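Visitor: Okay, so TrEMBL annotates it like this:
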type     : residues : note
TRANSMEM : 7-27     : transmembrane segment
DOMAIN   : 10-390   : domain 'Major facilitator superfamily (MFS) profile'
TRANSMEM : 39-64    : transmembrane segment
TRANSMEM : 76-94    : transmembrane segment
TRANSMEM : 100-120  : transmembrane segment
TRANSMEM : 132-156  : transmembrane segment
TRANSMEM : 162-182  : transmembrane segment
TRANSMEM : 214-236  : transmembrane segment
TRANSMEM : 242-264  : transmembrane segment
TRANSMEM : 276-295  : transmembrane segment
TRANSMEM : 301-324  : transmembrane segment
TRANSMEM : 336-354  : transmembrane segment
TRANSMEM : 360-380  : transmembrane segment
Amino acid sequence: MKRHELSSMQVIVMAIAAGICVANIYYNQPILQEMAAGIHATAAEIGTVPVLSQAGYGLGLFFLTPLGDKMNRKKLILLLQGALILVLLAMTLVQHITGLYFMSLLIGLGAVSAQVILPMAAAMAGTNRGKVVGIVFTGILVGILLARVFSGYITAWFGWRSVYGISAAMVFLAAGMIWFAVPDQPAQFKGNYGQLLQSTLLQVKRFSLLRRTALLGALVFGAFCSFWTTLTFHLSGPPFQYHSGTIGLFGMLAVGGALLAPLFGRLSDKGNPGRFLRLTVLLLIAGILLIHFFPYNITCFIIAVLLLDIGVQATQVTNLATIYTLDATAHSRINTVYMTVYFIGGALGTLAGVQCWRIGGWHVVTMQLLLWSGLALLLVMSGKIARSKK
């Protein structure tokens, strides 16, 4: 089958669409207090919302994204985006915590179209895989980071329900861009759905590199999600007393790291990924140490956000560029394994962060952040993260 090489404009369209879709699972993080007030929920009840949105994303990753190897990826993306639009509109009408839980889970499921776009771009990238993956992943990262800024300010001006109504319109535009700009990509897998899921699980056994890389991704993303979820609680309390719009601005700081993602992709193609990963995890640890020892210094928080974001994003782009070299005919299934473990790590990190905040506030939160990142450092220092198919 002849490979359809992507143009620069098509890559940009895919990056924008992926970012718009994935942003939906992060809108709730800086506006939890406003959501709780709007439906008369307690802090303990509302803390479950970001966990459910990420859990839904994890379920979608495992049960839906492998379909990218079985059916036309463009059609799958459009179906998922259409379902997401309907759920977002329903979210604007929620009046009770139970409904909020259910819709948050469904939003996570619908947002996985971003993880169909990413392996689709990698499969069409040709010799520029690292660069293309870096650009599309930049779109995902910017979507994640700007989601907090967007939801914070829209909530401050128009209320939290408007966030989801506007998002429905943006997903509609993203679907239109995919429809007109992105080519069809025929299926690679000929078996049934059960065989597809079985084959997805077999990728875990097949590639030890995939297992180790997925674990590293989960540890790093767990720390990332734990930090951003609890940052809202820390900055909204004394001595900062910041409102949601100000807290959302911290996402702007992290965009700088996300924009470096294409560079990380090119570097991972040229250099030793194991050595590069040791550096990226050390950057993550440096940022955590800053906010652990200087919990009320806003300058340290600004520096820490930059260090954490660069460390996390460089790690993930390097991981992705590595796993997409394993088997070109199984990109969606390999991506499913990696991203499912990755977002399970994010959900566990979010849950751990909320629990640590309840137990002992910011000090306990930063201690568990050091645990996540310390385990990641041990993994990369073992020397087993390398470009290998063994």
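Glycine is no exception: its Cβ is also placed from the backbone N, Cα and C atoms.
TrEMBL: automatically predicted annotations, no manual curation.
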Visitor: Assess whether the transmembrane segment (39-64) lies in contact with the transmembrane segment (132-156), where contact requires at least three Cβ pairs under 8 Å among residues 6 or more apart in sequence.
Guide: no
Visitor: Below 8 angstroms Cβ to Cβ, which residues of this chain, lying six or more residues outside the transmembrane segment (301-324), approach it?
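Guide: Residues 118-119, 122, 129-130, 133-134, 137, 141, 145, 207, 209-210, 213, 216-217, 220-221, 223-224, 227, 235, 250, 253-254, 256-258, 260-261, 264-265, 267-269, 273, 276-277, 279-288, 290-291, 331, 334-335, 338, 342, 376, 387.
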Visitor: In the same chain, who gets a Cβ under 8 Å from the transmembrane segment (214-236) while lying at least 6 residues past its ends?
Guide: 26, 29-30, 32-33, 50, 54, 148, 242-244, 246-247, 250, 277, 281, 284, 288, 295, 301, 308, 311-312, 315-316, 319, 337-338, 341-350, 352-354, 356-357, 361-362, 365, 368-369, 372-373, 375-376, 379-380, 385
Visitor: Give residue numbers and ranges for long-range contacts of the transmembrane segment (162-182): same chain, 6 or more residues beyond its ends, CB-CB under 8 A.
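Guide: Counting only partners 6 or more residues beyond its ends, the transmembrane segment (162-182) has Cβ contacts under 8 Å with 9-10, 13-14, 16-17, 20-21, 23-24, 27, 31, 74, 77-78, 81-82, 84-85, 88-89, 91-92, 117, 120, 150-151, 154-155.
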Visitor: Limited to the domain 'Major facilitator superfamily (MFS) profile' (10-390), I'd like the whole-number average of pLDDT.
Guide: 89
Visitor: To the transmembrane segment (7-27), which of 76-94, 100-120, 132-156, 360-380 is linked by the most Cβ pairs under 8 Å?
Guide: 132-156
Visitor: Can you work out which residues elsewhere in the same chain, 6+ from the ends of the transmembrane segment (132-156), have a Cβ less than 8 Å from its Cβ atoms?
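Guide: Sequence-remote neighbours of the transmembrane segment (132-156) are 6, 11-12, 14-24, 26-31, 34, 114, 117-118, 121-122, 124-125, 162-163, 166, 228, 243-252, 254-255, 257-259, 261-266, 309, 313, 316-317, 320-321, 324.
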